[in-house]
Each structure stands twice: as structure tokens, then as C-alpha cells.
């Protein structure tokens, strides 16, 4: 997830409560091994069996089987891998949130930055490894667009339907986000413009043909800008978690007042080590499925007759944003628009200022020429989206009509990429065919 609430720990630890309760119930008559087995079973029930979305988990192994026994139709392998990754992405967000209860806000913020968008990062790294630079660019771009239009739009729409007789109100700072420097989401949108700023100049440099050294200047600018963007994101985390903690305080107090029975909700459901183990298992499983997913993209594009740009910008990010989507809608339906905005906008910031430059740096290490030139059509789409969303939230209120407008904007973006012919798609297909031929040899 992009931005989850990380409450401070008190001296009366939830683990201590759970241990004391178990000892009272069991009267010390059971062995430690029985208690360990009981704890593991309970953890499995909470993480796997308590979420209906996990009914999609068997599609992952099925995709792997089809990869080896149905090699002629990669479309099915891609579809099943996509469906199988969806519950894993949501559970990764859940496990990260559970672990954040034990780490405090500072480490919790870093965990969210790392695991909040780990699905997109894993898919991007596999694509970079296969030389599919364009897929990496489009997937990360699509994740930003999905969070800002689809996730936020669905949150506004669902929250507006539940509270249809009034406009939902979020943090008073949001109404002044374009003119002041304080406030959580105001800071996020300012740094969101900085992310667009970093993505804009490589494209401008390319299309104005003003490079000193054709090709190399654009790549050098992208790598330098990526390092600057990572520094900016580190400064953003430090600013929010250390220098400016005050915006979180009223939000936490308001939530505590509005939920008198929230003691159970405030406590973690699994222990710290259980959360770490589940994070490791889920990350490994996502990594495995991502390999099959990336290998099947070209085949799915050919068999379905769908542009790779549409698959990368629309289909892949919807899976990666499953946790953000569910969390933002849930918070909005509980009239917690501040948290919904933190999830949607915060995740967009993580992608634009962390995931994108991180992939450029990783590609640099791999010897791949990953740059920040997302091409003119894609860069313009991102810039317009940021401006549109900024105008939608500047009043500090939301309703189902605003949410519907954002969803319709996303549908227009999706239709645009469905009919958009990526100039690099032919080169991508050629490089992938060469890669497959080398593998066969």
C-alpha cells in the first residue's frame, strides 16, 4: 500500500496480551510445540483464509502448468498469472501494514516505500532483465495513472454513495495545497509535480533535438535526474516522518474519537516475525509468477490482438494496485478521506520519485539503457492527469460525482492507449523474438 497509518506502540504490547491470554486459557497445560503449531495455524487462517480474494491464489500454479504444457497460447498463461498475482499484491500490503505496527512511523514509512509497490518493482526488474525497457516505463506510468484516477476516483465514488446526503470533507490543508507548503497531501502534490518535472525534461530534450551528444546526453540526463529524484524522495520521507509530524496527529486523534470500539482494530493481527515470514513468502511467490507473466506479455499481445502499451499501462498496474484500491475504498466508505488520499496520492509519489528512478539506476547497473524519456504521448498524459487531479481535490471536498468523473477520465486514458501505436513496439517485439530464439538455442 502507498500510505498506511502506523500507530505508536505502547508499553502494553499486543504480543504480551496475546501470550497472556493463551496462557490463561491453556493454564500452562500445553507444550510449547503445541502452542507454536496453534500460532502457525492461526496465522495461516488470518493471512490466507480470512480474505475472499485469496480464492484466486490457485490460478498462479495453474499458470505455471500451462506455461509448460500449453506453449502455443501465451495469452492464457498471462491471464492466469495476472489473476494469480492479484491476491498476492493485496496480501503484501496487508503484511507490510502488520509489520509497520511494530516498527514505528519512521521504519514503517520505509517499509511502505519498499513493499508498498513491490509488485511493480519485481515485474519491472524482470522486464529489465529481459531487455523490455519500454514495458518497464509503461507499467510504472500506468501505476501512477491508476492510483491518481482509478483508485482515487473509486474511493470518492464509493464514499459518496455511502454518504450521499453530504459532501465528504478531508484535511483543511488540501484546499490550499496549490498555495501553501504545509499539510500532508499538499506536500505530496508538490513533490508529485517535482516527479513530473524530472520526467518532462528528457522527453523535451529528445523531441527538440537539442542534445549535445545524440542519444548519450538523454541517457546521462536521465541517470543524473534519477539520482536527484531519489534524494528528493529521501528528503520527502525525512520531512514527513521527522520534521513535520504534526499533520498526522489530528488525523490519529480524530480516528480514535470516531471509533470507540477500535481497540481491536488498532492491534496487529499477527506477530512481528510472522509478518516478516509472510512478507518473504509472498515476495518470493510474486517474483516467481512475475517471471512467467513477463515472458507471456508478447504472446498475449499477439493472441489477443491488444497493444503491448495497453497491457502495460492498464492491465498490469490494476494488479499491482490491488492493495491500494481496496484500502482507499474501505477508508472512504468509513468517511476517512484523509487516509484514502494518503493511499492513492502517496502511492503515486512512491512510484514517480522512488520506483521510476530506482529502475533507471538498476538498469544502469545491469547495463540496460533505461531512461526517463517516456515519449511525448505518455509524458503529456501524465502531466495532464496531475493537473486534473489537483483541480479536483483543491476544494477539500469530495462526492460520488467527482469520483465518477475521475473514473471516466481513466476510461478515456485506457481507450487512448488501446488505440495508441507505440513507436517502440516493433523494436520490442523484435528484441523479444531474438531473446526467445536465443533461449531455444
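Including glycine, each Cβ sits where the backbone N, Cα and C put it.
Of all ranges given (400-419, 420-439), TrEMBL attaches the label transmembrane segment to 400-419. Segment annotation: TrEMBL labels transmembrane segment over residues 339-364 (candidates 183-208, 339-364). As annotated in TrEMBL, transmembrane segment covers the listed stretch 106-128 rather than the other ranges in 106-128, 244-266. Looking at 53-70, 220-239, 306-333, the range that has the most CB pairs within less than 8 A of the transmembrane segment (275-294) turns out to be 53-70. Listed as Cβ neighbours of the transmembrane segment (306-333) (distance under 8 Å, sequence separation of 6 or more from its ends, same chain) are residues 1-2, 4, 53, 78, 82, 85-87, 89-90, 92-94, 116-117, 119-120, 123, 134-135, 138-139, 141-143, 145-147, 150-152, 154-156, 158-159, 162, 168, 293, 297-298, 300, 339-340, 343-344, 347, 378, 398, 413-414, 417-418, 420-422, 425, 428-429.
Shown for the domain 'Sodium/calcium exchanger membrane region' (276-417): DSSP residue counts in helix, strand and coil, namely 119 helix, 2 strand, 21 coil.
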